[in-house]
Amino acid sequence: MAPRALALALVLALVLARAAAELAEELVLALGAAEEEAPAGGAAPSGPAAFHRAAKASWRLPGRYLVVLRAGGGRAEVRGAARRLQARAARRGYLTELLHVFHLLPAFLVKMSSDVLDTVRGARDGPQRGGGGLWGAGGGSPGLGGGTEALPPRRAPGLSSPQALKLPHVEYVEEDAYVFAQSIPWNLGRIVPPQPSSGAYSPPNKGDLVEIYLLDTSVQSTHREIEGRVLVTDFESVPEEDGTRFHRQASKCDSHGTHMAGVLSGRDAGVATGANIRSLRVLNCQGKGTLSGTLIGLEFIKATLEARPHAPLVVLLPFAGAYSRVLNAGCRRMVQMGVVVVTAAGNYKDDACLYSPASEPEVRAGGNSLGCEDVGGRAATSLGSSAPAPSRLSGLGLRIVSRSRPPPSPPWQVITVGATNSEDQPASIGTLGTNFGRCVDLFAPGDDIIGASSDCSTCFTTQSGTSQAAAHVAGELGCGVAGRAGSPLALSGAGAGHVSLQLRCSGQSCVGGCVAPGSHRGPPGLLAGIAAMLLSAEPQLSLAELRQRLLHFATKNVMDMAWFPEEQRLQTPNSVAGLPTRLGADEQLYCRSVWSARSGLTRHATAVARCASAEEMLSCSSFSRSGRRLGEHMEDKDGQKQCVAHNAFRGQGVYAIARCCTWPRAECRINASSPAAEGAGCSPRDHVLTGCSFHSPTAALGDSGRPVVGPGSGPSHCAVRTEVMAHALCCPAAGLECRVKEHMSLGSAEKVTVSCDDGWTLTGCNAHSQSPGTMGAYAVDDTCVAASIPGSSTAAVIAICCRSRQ
């Protein structure tokens, strides 16, 4: 055929193919329009769904939207909603592209113009606040080579944004957004007590029964540190790199993921050297990923588990982004399947509740908002706002709850980790630093990260968050390599806020030379490694039991809490990750405190704290900085115990604090006092008192009440005045023995404490005073603290301490 004829034939074929595609698209849109004209029978009309987006414009991905459906529908409803959206947009001259239909959640990802949100929104109009969280430098990420240093987060009272789509079954729409790799240092040498015979890192096991899924950048699997230990899957879902002149260098694209894999299971620098790693690429060469890419990655893990079940399993998410309702929901879905999800708290020196996936533990604690409130109780862009009424996501048992009401606690949550420096203080990175607050479960130590470097197959690297750390890095790591011949040290700055110390080994092996005993590792890989070792020792641990053990083995009260904002100090755990030399199953009673968000300022405002469903609430207390509170009460709601704290007139808000414990045989119940009775109690024959709560319906609490010892040796009664309501939490006496410890203040004291003896666990904590002005009581590990406002005094603090009878 002549060249001219061939060209004409090709052009004709292209025209016909395009016409066929357009015809097919028109048929799809016509079908969607027909479905829209005749909705499914019985479908109730719905108002406009909520619209959420990151508050920082540079963290958003405009034109890409995650549409999440309500309950009552499955995959057919998801696809039907997508077709209706395409039909509505097409009638107004807009084209849409369906990018992905999720299996993990009843949701789909669509690419379209933001104008479509205005065009097809519901009748109601007006500003809505985004559900996005906090932000950093546009396009940059702290701690990752080549990234720009993050700017301090800012808060905005609200965003004027279009209403979301008024489509059947749609619960909310969230604009896609970026997530960023987080690199905060950790110290491996401090997580295991030193052995007398050797300074080497000697964990109780290698974590070889555990599989860890790492969602990160690509990984150089041929590095000798991780060779044979990392399976690089074929999964990849990453955004394009920023900048038209960006040059993809393999060693840089692999940098963060290779380093994290080395921290997890490296031969010399790894925490859990026997753990098996599976790598998924969700971050690009600049350390940036997306919400949608992360969700698709979690969906990939779900499908893999369904085809090849494996337990125990850990998913590591070493990144953070703006608060995201849909990403948190995806993480909850994974934990519901039995997966342990570990995530970084974030490096923005801010409340971790404002970031995702770090904010996911927020849902377990309850409070007056799904997100977090700022210190003034005022709802801000990502801190809490008006949202749709509660609804359960389609077929998955997920509950997305209005920010204006306390959300029920689900039986799942992620583990969120902050970071400390080499002096056991909160880690700082220039003007920023580790995140904090009640959404952080615990911290882990470190000042430099050492792990596999992607520069060569035998290279190691340490990274620090600031250029000013160069001298410290060189001094500390230099000691570890000075005695090894042929291991030149190369110190280089990799841009603002990033320092890299390269250890290049010339021999066949780096064992004993490149990594000094006690060298530092980086988060959140260290905690994932500890979790792997705990799960290898006890594979049947639930997530609640795993969290309790992590807290139990942690080093307590080593951080200077003055580093944190004053309003965040009580809620932030002063616990730094550690690991015992021996592991094994036990019947010990483990407890932790769960704080609610602060209540509103109105007279009848309440705050609610709840435990995970695998935990048992053994007591309830409340705290108010103004000293004006009506106390607290315990109640059963929807089959779960909850702690409810009450603000008083002219009060400045109140916190509820639940004491949450793991005890295999706990079948506890709440007994309430009658209006005429002077207290509530437990049957001394078969139950023991673990906690008391006291609530005054009208006046601020002064002399509220106290637990008292019954006929036996343990507490059995919560004694109060008749105008005060008491609630007693009673647990079977066959497995527990409890006793009361009390400490009286000698003179005027604004804070009084009492601690349980070794082998006993604090379950109940109360303040007792004859005069008003008591802020309340709260537990710090196994110490009960009672506090009063300046100028007042606390007469006594009373603790209930329990232990197993075995």
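Here the Cβ of each residue, glycine as well, is placed from N, Cα and C on the backbone.
Any TrEMBL annotation is an automated prediction that lacks curation.
The signal peptide feature in TrEMBL is assigned to 1-21. Here TrEMBL flags 124-160 as region 'Disordered'. Marked as compositional bias 'Gly residues' by TrEMBL: 128-148. If you look up TrEMBL, you'll see 212-477 marked as domain 'Peptidase S8/S53'. Summarising the annotation, TrEMBL assigns active site, charge relay system to Asp216, His256, Ser467. Residues or ranges marked as domain 'Proprotein convertase subtilisin/kexin type 9 C-terminal' by TrEMBL: 584-665, 669-730, 733-805.
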Note to self: What's the number of neighbouring CB atoms sitting within 10 A of the CB on His256 (active site, charge relay system)?
What the structure shows: 29
Check: Which whole-number mean pLDDT does the model give the domain 'Proprotein convertase subtilisin/kexin type 9 C-terminal' (733-805)?
Finding: 87
Margin query: Helix, strand or coil for His256 (active site, charge relay system)? Use DSSP.
Written below: helix
Next item on the list: On the DSSP side of things, how many residues of the domain 'Proprotein convertase subtilisin/kexin type 9 C-terminal' (733-805) fall into helix, strand and coil, could you say?
Entry: 0 helix, 44 strand, 29 coil
Next item on the list: Count up the helix, strand and coil residues in the domain 'Proprotein convertase subtilisin/kexin type 9 C-terminal' (584-665) according to DSSP, in that order.
Entry: 0 helix, 44 strand, 38 coil
Checklist line | Secondary structure tally of the domain 'Proprotein convertase subtilisin/kexin type 9 C-terminal' (669-730) (DSSP, helix then strand then coil) | finding: 0 helix, 32 strand, 30 coil
